[in-house]
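Visitor: Sharing the record's features from TrEMBL:
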- B:68-260: domain 'ABC transmembrane type-1' (DOMAIN)
- B:12-32: transmembrane segment (TRANSMEM)
- B:72-93: transmembrane segment (TRANSMEM)
- B:105-126: transmembrane segment (TRANSMEM)
- B:146-164: transmembrane segment (TRANSMEM)
- B:184-205: transmembrane segment (TRANSMEM)
- B:239-260: transmembrane segment (TRANSMEM)
Amino acid sequence: MKSRRLVAAALAAAASLLFTACSSGGDSADGPVTLKFQSLSDQPAAIAATNKIVDDWNKAHPDIKVEVVQAGWDGVYDKLITQFNAGSAPDIIHYEAAGVVPFAKDGYLADLTPYLSEQKKTDIPKGVLDSVTVDNQVIAYPTELQSYVVFANRALLQKAGVTIPTGDTMTWDQLREIARATTRDGAYGLGWGLSSPTAAMVALAPGFGGKYFDGTGTDAKISVGQGEMALPQLVDAMAHQDNSILPVTLTQSGSNALAPFYAGQTAMTIQGSFQAANIAKDAPAGFDWVVLPPLAGPAGPAQAANPQTLSVNKDSAHVEQAAQFIEFFTNTENLAALNEADALIPATTSAREALTTKLGAQNGWKEILSSGQYLTSAPYLFVDKYAQWKDTVATPAYQKFLAKQIDANGLSKELTDGWNSINR
Amino acid sequence: MRVLLRPAQYLALAAYILFLGFPLLWLISASVKSSGELNSLTVSLLPQQWHWDNYSDALDRQGLVHSAGNSLVVALVSTALVIVIALPASYVLARLKGKIRAAGVGWILVSQVFPVVLVILPLFLILRTIGLADSLAGLTLVHTTYTLPFALWMLQGYVSAIPVDLEEAGAMDGAGRWTVLRRIVFPLLMPGIVATAMFSFVSSWNEFFFALVLLQSPENYTLPITLNMFIGGEGKVSLGPLAAGAVLAAIPSIVFFTILRRRLTSGLMAGAVKG
């Protein structure tokens with residue numbers, strides 16, 4: 001009896017499915033232009049902010065209707081590559097610079113240079129604009145950024161007699177000194193989640209003059225010299241000579257390294273700047289934390305930017321209208337609201353300043369927003385097979401180095417030989 | 001010594017059940033913990049404070065119930081289609097002799113060696129041509145096709161285990177081919193059908209990649225796609241709501257298994273054939 005009911009339910013569902021499939025309609029040719037906007041916003045506040053921007057646009061532009069198609073970050077590259085190849089990609093695409101550059105090089109994205117207003121062009125820091133410029137074409141509008149910043153437990157720093165740095169920047173040497181001073185009473189100075197270390201190493205290398213790659217595409221050549229090796233060697237020295245890094249955090253993700261920070265096992269932790277929102281939410285009651293000034297190496301406080309972006313599908317029938325929408329989406333007010341919701345750094349100077357005015361007095365925001373001005377373009381964005389090198393060569397090599405299985409020469413050799421092997 | 005054997009067996013069984021069930025217990029525990037507790041060093045199966053908001057977050061945020069409905073429809077229909085197609089096909093494969101059978105079995109095996117990424121683009125283009133891209137009907141078709149080879153393989157093994165002598169005995173007693181199948185083969189095959197149905201249902205229920213690529217409209221998203229959206233960019237994960245969503249997502253599978261479990265009997269054929 002139960003089996004018969006099950007079969008009946010299945011048949012009814014099948015009929016319903018077929019009806020749904022047959023009755024789905026397409027856009028009306030006579031109606032307003034409809035643009036599909038595939039958004040990857042993931043936080044409830046950011047989804048709400050995105051929807052508000054779209055609603056505002058739709059109210060002001062009844063002839064150009066934008067529809068949000070919510071999607072997830074995980075697997076989005078596979079989804080997009082299928083959509084592009086099958087000619088069914090959305091008109092407006094939310095992603096990140098590292099993800100869209102390969103699509104631009106393959107000719108799937110529209111050149112937005114003619115639509116980028118002069119005001120917007122001057123509002124986006126050059127280094128950030130460079131990160132979305134491929135073959136002299138602007139292939140995306142940058143929207144949100146993150147930087148690596150140092151979160152510190154004020155009580156542990158004060159207990160160790162450390163004066164909390166307050167300048168425009170602080171040096172890596174200062175960080176090392178503070179980590180040494182706060183490594184006491186069973187606590188470690190620093191916790192740094194480096195289970196996937198390549199992103200951090202590559203992003204922070206510009207502060208030491210490191211570039212990793214020269215050239216673009218398949219012509220790119222790797223260069224692992226002093227600038228590239230400085231940070232891994234510093235981490236190695238802090239972890240194994242100073243013993244000022246909690247060892248287990250080197251094998252953890254960034255998020256997992258927050259737990260020992262909350263528990264007072266580490267006095268500081270290096271995290272993506274967006275973690276400020278999570279720390280404010282999750283830290284135990286009374287936990288007194290600060291964000292230290294942006295880290296500067298011998299070459300300054302520069303970090304590689306990999307902004308979230310909005311691009312337009314080259315095959316869209318409405319490239320111009322899509323670009324108009326993106327201009328609206330990235331105006332100062334909208335970018336400030338979106339970045340506030342996502343706890344990220346706006347990609348335009350005016351939005352960053354607006355957010356500093358609004359939130360500068362709140363814990364951490366001033367330092368985090370300040371770090372945004374040092375973000376710059378990264379050569380790795382324009383290198384074919386970077387993702388393959390990162391996953392199959394660099395990450396295992398850094399992990400072995402941090403675990404003392406290979407020395408600095410071994411790391412340099414593995415990074416270089418691995419690239420040359422992949423890029424043959 | 002014999003006195004101790006039975007308690008030891010029960011103890012081993014309890015340990016095994018605990019081993020199997022612990023991930024689910026941990027998931028349930030995570031689903032009722034606050035974000036702060038999940039990100040602390042305090043490890044405990046019982047939460048310090050019961051945080052039921054994760055369930056309302058999961059239900060409110062991403063259209064979880066609607067996605068679960070989509071997943072249920074796709075899983076039930078593809079399971080039904082797999083069984084309807086695999087049942088006669090597996091009987092033929094099991095009973096047929098000669099080169100055609102070998103070719104059929106070989107073809108089933110070959111169909112399993114192609115990686116999903118290799119077939120996804122042509123599949124998408126075919127579905128778009130027939131108007132089934134971005135539809136639950138298209139996804140059902142794909143799940144059916146993708147599950148069918150293994151289901152055939154499974155069922156064929158069950159059919160082969162039924163002695164031909166039983167069918168011949170039925171025929172000698174005057175039963176026609178259809179009666180033999182209906183009265184003798186299918187009842188004996190029921191555990192195999194149930195096992196195959198369970199496999200098909202779970203495969204479809206959990207399937208992620210095809211759904212990710214083929215479904216474009218949020219109203220068509222299945223449960224794995226919706227749960228995936230709790231994992232954000234930059235390493236952001238809403239762990240509590242994700243765990244709550246995963247607990248809710250497990251319920252239909254558990255119900256389906258509970259309904260079919262009693263049919264998973266074995267030993268029906270014990271002593272059916274003498275000698």
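Cβ coordinates come from backbone N, Cα and C, glycine included.
Just so you know, TrEMBL annotations are computer predictions that nobody has curated.
Keep in mind that what you see is a predicted model, and the values were worked out from it rather than measured.
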Visitor: Using a Cβ distance cut-off of under 8 Å, indicate which of B:12-32, B:72-93, B:105-126, B:184-205 has the most pairs with the transmembrane segment (B:146-164).
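Guide: Result: B:184-205.
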Visitor: Can you tell me which parts of the same chain pack against the transmembrane segment (B:105-126), counting only residues 6+ beyond its ends and a CB-CB cutoff under 8 A?
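Guide: For the transmembrane segment (B:105-126), the nonlocal Cβ contacts are 93, 133, 142, 149-150, 152-153, 156, 209-210, 213-214.
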Visitor: For the transmembrane segment (B:72-93), which stretch among B:12-32, B:184-205, B:239-260 has the most Cβ pairs under 8 A?
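Guide: It is B:184-205, which has the most Cβ pairs under 8 Å.
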